[in-house]
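TrEMBL has this to say about the protein:
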DOMAIN    21-147  domain 'PLAT'
DOMAIN    150-844  domain 'Lipoxygenase'
REGION    55-78  region 'Disordered'
REGION    197-216  region 'Disordered'
Amino acid sequence: MQMPFCPKLWDRSPVPPANAIAVNGTVVVANTFGLSAPGKSTTLRLFSGTQIDHETGKGMLSPEAPLRGGKKSKHGKTSTTTYHVTFVVDADFGTPGAVSVRNGNRADRFFLRHVRLELAEDRSIHFECNSWVYPYKKTASDRLFFVNTSYLPSKTPEALVLLRDEELRSLRGDGKGERKDWERIYDYDRYNDLGNPDNPEHVRPVVGGTRTHPYPRRCRTGRAISNTDGVTETRKHVINLDFYIPPDERFSPGKLAEVLKLGVQAVTHFVIPEARTLVHGNDFKSMEQLRKDLYSRPVQPAVDGEVMEKLKSSVPSHKTYKQVAKAVKEEHPARFPIPQVIQQDPEAWRSDEEFAREMLAGLNPVAIKRLQTFPPVSSGGKKSSITAEHIKSQLGDVTIEMAMHQKRLYILDHHDYLMPYLRRINTLGVCIYASRTLLFLKADGTLKPVVIELSLPSDGEGDTELSRVFLPATHGTEGHLWQLAKAHVSVNDSGYHQLISHWLFTHAAVEPFIIATRRQLSAMHPIHKLLEPHFKDTMQINTLARSILLNAGGILERTMYPGKYAVEMSSAIYGDWRFTEQSLPNDLLKRGVASSSDEPGGLTLHIEDYPYAVDGLEVWHAIDGWVRSYCAHFYHSDKEVDGDAELQAWWHDVRTVGHGDRQGDQACWLALDTVDHLAQTLSTLVWIASALHAAVNFGQYAYAGFPPNRPTRCRRFVPLPGSPEMTQLEADPEKFFLEMVPDRFTATLGLALIEVLSNHTSDEVYLGQRATSTWTDDGQLLRLLDGFREDLRRVERRVEERNKDPRLKNRRGPVKVPYTLLFPDVAGQEKGLTGKGIPNSVSI
């Protein structure tokens, strides 16, 4: 509460003027392992939000007030310390609008959760901080936090206008110098940190910023130096965990330790080149041995000292290393859990129905399209080698023309984007085709694969192709060939899923929006507050990915079939990416699996039992309803959107810099000139960061945790008639299959990776949730958020009902795995390999 100043309350302060008053408050700091608490020299000052100091043009500034006390407390699951503070201000100071914090510690930072002031008449003011505050000795500036009231730029209290502008300018920086840990600077950069120009084997093209290699931008994370390939960012370690990212984008210390603990087995298997070779040879001899070795025995008896020493030199601090080492020591030897795809029936994954069902309800349900032309035609006009004779007998009494008219023919097409790379990819010791798979929608709502085409470039120059066509079969040599063809299709789809559907279309696509938001939208801006939870941890997980997964010689190059051409190939695909097509309704329309209609929701699905689309549309409409109501709360006319200077600067940053390589395509972006366009844009961004990422990420272990179901590369082509390889296939089909798909080391490596990626970590915040209830002081917004949560709970109930409906065969399939990847899990109580729940952000 607010009271007349009494010197006895705070005898360290100078005697105030007669008209001074005291404002009492509490300051909550997270307790961080290994870091000192804020010292007595840490001080705070208040800026008035209503009264201007005419000499500075900013709000009146209070004298410094030190922290006092320090009592252990708890906020949610977080261990905290609560301090008290008393500010001495003039009676006409007005209402505080911002607080500045000076960390007086010599070396240690602290994590400030919030500051709360008690005013007269039982009023209080809350400053939601959730930020690292570094020592003033390093930063030479105080940290500034605004009250949790949202203001459009034109409605900002005059006393806060200059503070708002100065804070944004400091976050943009000047684009120069080497980044220091304590700097809060958001700057764009190209993907120039993946290769090593000093190692001929690890030279990789810089992607982003050129017509030949377009790409989204990332946040600049280090010091740029000139090398033989142009400008490349330096890296301290082969396993680089000690990198700069803006402090507020970093994992909490607890999450960093959790992620490292999850990844220690992965580090043992594939990050450290000196890791021991598995003792039983590099091929599985049988499916039985594969299941026994992966799921019944410890993967490794222990994490050896050499691995931990490598990790010690790579993590950002000795304190983090000690946390990880303690957790690893307490863990029992790891066994991979049995993936869902083989839990109920170890052979059901082989069926054609399951092969097709996973295109609708598996880990990559975003690639299947409706066939628009028969036979399929490449982008260059070349017709497929698939003919009517191949499929007409498999359609029952339906002709091809009828099937096309009834929208019952579909295609999984991994042909056009892959053909230009196959000659180079197949020099890397792999055997990869480009594939087309046609599927027929049966009367019971399931899909039936009717033909697979596998293509290679011809031996000569030019674009001529050598193609083979395979038809469904269950017995004999034809049945074995059909299984091999399906495996090659799965390899194509696995690569596309990991590099495009997952990495490019979610992780990489979102990062420019984060940078633009920090640079151009004040923390007071309502759109900043709307988007804040959807950016949590994304920048750090992306930086880790560049350091360990995407880098030259990294895990993805070692496991996925494109090898060193992986990022280059994803760059070519990004050249056709459009943000407007990333909303779920527009994506379904583009792929031809839905049509516009007058039905509720505006769409008719042509595959009614399409779990990803059915559940996804309900989640999409919940997101869109929340976003539209939120925007309407602040923008009462299109003119207010068009005239919002910060918002327009944000959109300009996104389109011309962050995704600047796509600015020439007018269809890529909406003009941000109406409330409707703003809502469409923000709904799409929230969808990508939350539901789309959940759909393509958290099912990885359930389906790809059994490597034969989702192989990531092939070591042999499908044998030709009369060849020695055909003789081998006929003599021992299982052995041939296992010698074709990834070897033991590669399979184990991939398995360890996707186990980490598929885990829900303990600090995730799920769609419809906020980290705290004090993110805003606007009661109407809190009620709107409650409505959003209730919409998501209704989605949960309908998902559960559909999964129990025996008529919906694609909901569970032959493997009996219910579709729960878009079950929101608003309660957010389950952690680990749950296969359900939609986190707010791309956080793993």
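For all residues, glycine too, the Cβ spot is worked out from N, Cα and C.
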On average, residues of the domain 'Lipoxygenase' (150-844) score a pLDDT of 90
DSSP composition of the region 'Disordered' (55-78), residue counts helix/strand/coil, works out to 0 helix, 15 strand, 9 coil
Across the domain 'PLAT' (21-147), DSSP labelling yields 4 helix, 80 strand, 43 coil
Its residues classified by DSSP, the region 'Disordered' (197-216) shows 3 helix, 1 strand, 16 coil
